[in-house]
Amino acid sequence: MRPSLLKSTAELLRRSRGYASSANPERKVAILGAAGGIGQPLSLLMKLNPLVSSLSLYDIAGTPGVAADVSHINSPALVKGFMGDDQLGEALEGSDIVIIPAGVPRKPGMTRDDLFNINAGIVKALCTAIAKHCPNALVNMISNPVNSTVPIAAEVFKKAGTYDEKKLFGVTTLDVVRAKTFYAGKAGVPVTEVNVPVVGGHAGITILPLFSQVLRPWTMSEVSCKSDTHDPSKNATPASNSLSQEDIEALTKRTQDGGTEVVEAKAGKGSATLSMAYAGAVFADACLKGLNGVPDIVECSFVQSTVTELPFFASKVRLGKNGVEEVLGLGELNDFEKKGLESLKVELKSSIDKGIKFAHGS
């Protein structure tokens, strides 16, 4: 990347994502699965993040090449590559954030549940290592099915005596990214002026975008996120109520099926790797800013929750120096969203239970 382009990219990121000043503490980020389809572009994006001082790239194979390639980019983060089981501990040691995109990708006709048997075992092994080598790190889970892998991670950490519910996140940011993009395109408004809370889980009907709450970018001072009874319309963009119910239902379905849309478009040659890498980088950036004490950092994530009767649920969370500072309420839902909420609970509960059972049974 040319110096001028790198400088422009960094400046754009600082403006759009609200990076803190250069006087930040040193932060180490580890990416587990760095040589994969998500891992490689995610490694690139994290190398460009000025809040990262050390970038640790790990995979079972191919990592030295990825690390060498990324390390040539003239941004401050120091890059090291690690490969194989014997180097996993060194890769993790001292990490502030661990991002896990490891696992097999989706293929045509494959559901997230089809990924379970392979990816569940991978996640269990990686989380066992995290508990040993960096038990205080924030863990950002990308490996699918997130509805099950996050409960697996929680049970592994509980068994090791290191579990902190404030530090375990299922990355559902891609659902938010898609909902914002699809809504802005249909409503004909700038996507930068749109934010859509997406709640529930991270698979099919468990993904519930709350289009009735289309807002400008979230800040705690601008949106009364702490209240379950805030009036979303007070912060809505002018076009937030301009779409028909038919449009909203179609956008909801497209958001839920976004991963399948990409898998089919790639005709069996890949899944949503680039957009997922972007979403993973956005969420990791939010975590870094929270750790560094930047106020009013709000993102959606699949976390331990009491928002519903389910033990894990995706909703807006306020991030801070301890990870999750506050799990925020759902706000006012319309009838369509209430129906969607009730419909998703059975499937989401089943996925959570499946993860817990796997963690205890194998």
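Even glycines carry a Cβ here, placed using N, Cα and C.
Just so you know, TrEMBL annotations are computer predictions that nobody has curated.
Here TrEMBL flags H202 as active site, proton acceptor. Packing around H202 (active site, proton acceptor) is summarised by its Cβ count: 29 other Cβ atoms lie within 10 angstroms of its Cβ, all protein chains included.
The NAD(+) binding site annotation in TrEMBL covers G33, A34, A35, G36, G37, I38, G39, D59, N119, I142, S143, N144, M276. Neighbours of N144 (substrate binding site), defined as other CB atoms within 10 A of its CB across all chains, total 27.
Residues or ranges marked as substrate binding site in TrEMBL: R106, R112, N144, R178. R178 (substrate binding site) is surrounded by 26 other CB atoms, counting those within 10 A of its CB over all protein chains shown.
Marked as compositional bias 'Polar residues' by TrEMBL: 234-245.
The domain 'Lactate/malate dehydrogenase N-terminal' feature in TrEMBL is assigned to 28-170. Here the domain 'Lactate/malate dehydrogenase N-terminal' (28-170) has, by DSSP, the following mix of helix, strand and coil residues: 66 helix, 28 strand, 49 coil.
In this model, the domain 'Lactate/malate dehydrogenase C-terminal' (172-216) carries an average pLDDT of 95. The feature domain 'Lactate/malate dehydrogenase C-terminal' is assigned by TrEMBL to 172-216 (among others).
The domain 'Lactate/malate dehydrogenase C-terminal' annotation in TrEMBL covers 232-358 (among others).
The region 'Disordered' annotation in TrEMBL covers 225-246.
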Chain-internal residues, separated by at least six, CB under 8 A from M276 (NAD(+) binding site): I38, L42, P101, I142, L174
Candidates N144, R178, H202, namely the recorded positions, that fall within 10 Å of G39 (NAD(+) binding site) by Cα distance: none
Listed recorded positions G33, A35, G37, N119, H202, filtered to Cα within 10 Å of N144 (substrate binding site): N119, H202
Per-state residue totals over the domain 'Lactate/malate dehydrogenase C-terminal' (172-216) - DSSP helix, strand, coil: 24 helix, 8 strand, 13 coil
Distance from R178 (substrate binding site) back to G37 (NAD(+) binding site), taken between C-alpha atoms, in Å: 19
Residue, out of the binding-site residues G33, G37, whose Cβ gathers the largest set of other Cβ atoms within 10 Å: G33
